[in-house]
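Worksheet: one structure, shown below.
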């Protein structure tokens, strides 16, 4: 028995000590941000023959060429952290670009050019151009969803035309631009300016029946920061429309119930009042009337008054007036948004999913598929009521 | 019969049941139940849990009737020696295959999501090795291992699942019977859930070692429901967060749930590591239970009580079984096939045996 034990102990030196997957932090090329664009074949100077000989890539259903722009941080090799101070972020991280037939092909090309192993575990943000979004993003989703390293809390955003510009935007505040970009989005969620629609949630909405995905749409401002510029509305895997930033707030009023961060100007009598929503609760109620689905959305918003212009006669009556006016205004805006959603056929509100949940029998018999649902969605009645309550008006009494 | 110096308390019996239930399968289970039952997955898992509960009651009632015997003993007393031995061999073969396949499933998760460059043989080898060296020869070591690990399994899992409540979409859960509801779908989903937790019957090896075998009922019921409710919560939360369509696309929904969790205040950004660690504990305790059953079963059947030697002899067999499937798809197909027919042994048979014992008025001669 002693012998057996000693053999086991001897063996365990070999088995328990080694680590095949040991990669020191310094040996990893951490991709923090990834921008994906489409390019024309003519624009490619030469095809990298990393995964296939030139001209012998298997026939795709749809001929694509991706250009990926990756922002890479190699700890210890590229200086991070506060150093010098005045240097912008353009010197602290490394932005590299390559192309490929598919995302994997492009990543393989990228790996071929680097000494360190690519690591996607710290990926914060994926930017896709609206060209890709319009063509359908199932290929991008497949690669990212299959890779065990990618976090589902990363963001995916849509940029107009050139996605690589977003990655190259160099904020002077943070040494790693991608971190600043993803912080912009994370904080927007905290302030109630953006729903928690990160990659994982987006994928869930894409798979679900009766709900369509939305992605934040961004644009670069002054080459050094990004602005959330609305939503990209999807229908299935394809982007069909973009909203304006104010419509983010409207859409969130209808579906999300976290803190509301959007403010609206309201005109009452001669005064203009800015009210900012603080807290909202909403309820989407779906019913079947004579076999036709209808939806009632009621939204309750607690708001504070931020600014008063043209007048100084704030009192209880005026507050009541403002509330009524705000209700009217938001109802109008919401109806406009819903009408445009119905127009483009993108059920970002998830009304279909709710009908499917509440009236399963009806769905199973009449609807069954997403396509059929959109037809019904475009025709259905959706009524919206708002109920604003203004709680306080800052520290001025009038 | 060998003498039992070590005495198992009812609390220990309960923890063994709970930690045996929570095992390798919790990562993949939501997917397989949803594949069968769709949105009816929570209901289906309740059906499955109830099925296993009936099987467990069978075992416990047998334990009360024959306080000095294990499953091997019941077989021989109730069915007669030759036929009883055949059934016992069946049980042992089934559990050995199950042990190998569960170890393989563990290896697949590790190789597929955590250590992508490590040869899959290594995690498999290590987990079986760990079970083999951690004292199968001694009942009290075995139960103390379970007692030690159960809080480390249940608490982190619940803690990690709790923050994901804010990602729950209630429309993922209704209608609770699923779309195009049918009894077959729910029952089939239930069977899958039952397959995942059916190895609780290993406690039949422990009952004779108890201080008072007659007191095993209450504690095993409590232990069973603690484990099962945890499994039920996992299935329900995965469905509530991901919805039926998305779950079908992933191998290990629970693992991905862990990846989506954001701990408030951003103390930790990747809590899936914690989930994986407590899952590894869960795998270890479950495999330990199965290994324990195999060793004890063989020892009693062949009246060969050199446990260490047996452990060593069975080790390569288990390892070989683990390496049979070619790929992850084949592994799951194989595993589901084996455990499906295993249900006859693990649930149907104990109840059947108990009924026979009642009919033939067999009792232990004291």
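Glycine is no exception: its Cβ is also placed from the backbone N, Cα and C atoms.
Taken straight from TrEMBL:
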TRANSMEM  B:12-34  transmembrane segment
TRANSMEM  B:40-62  transmembrane segment
TRANSMEM  B:83-100  transmembrane segment
TRANSMEM  B:120-136  transmembrane segment
TRANSMEM  B:143-165  transmembrane segment
TRANSMEM  B:185-207  transmembrane segment
TRANSMEM  B:219-242  transmembrane segment
TRANSMEM  B:273-295  transmembrane segment
TRANSMEM  B:307-329  transmembrane segment
TRANSMEM  B:341-359  transmembrane segment
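Listed stretches B:120-136, B:185-207, B:219-242, B:273-295, B:307-329 were compared with the transmembrane segment (B:40-62); the greatest number of C-beta pairs under 8 angstroms is found for B:185-207. Two recorded stretches are said to be in contact when at least 3 C-beta pairs lie under 8 angstroms, sequence spacing 6 or more; the transmembrane segment (B:143-165) and the transmembrane segment (B:273-295) meet this definition. Tallying C-beta pairs under 8 angstroms between the transmembrane segment (B:120-136) and each of B:12-34, B:83-100, B:307-329, B:341-359 places B:307-329 first. Remark: the transmembrane segment (B:307-329) contacts the transmembrane segment (B:273-295), by the rule of 3 or more CB pairs under 8 A. Comparing B:83-100, B:219-242, B:341-359 for CB pairs under 8 angstroms to the transmembrane segment (B:12-34), the maximum falls on B:219-242. When each of the listed stretches B:83-100, B:185-207, B:219-242 is scored by C-beta pairs under 8 angstroms to the transmembrane segment (B:341-359), B:185-207 comes out highest.
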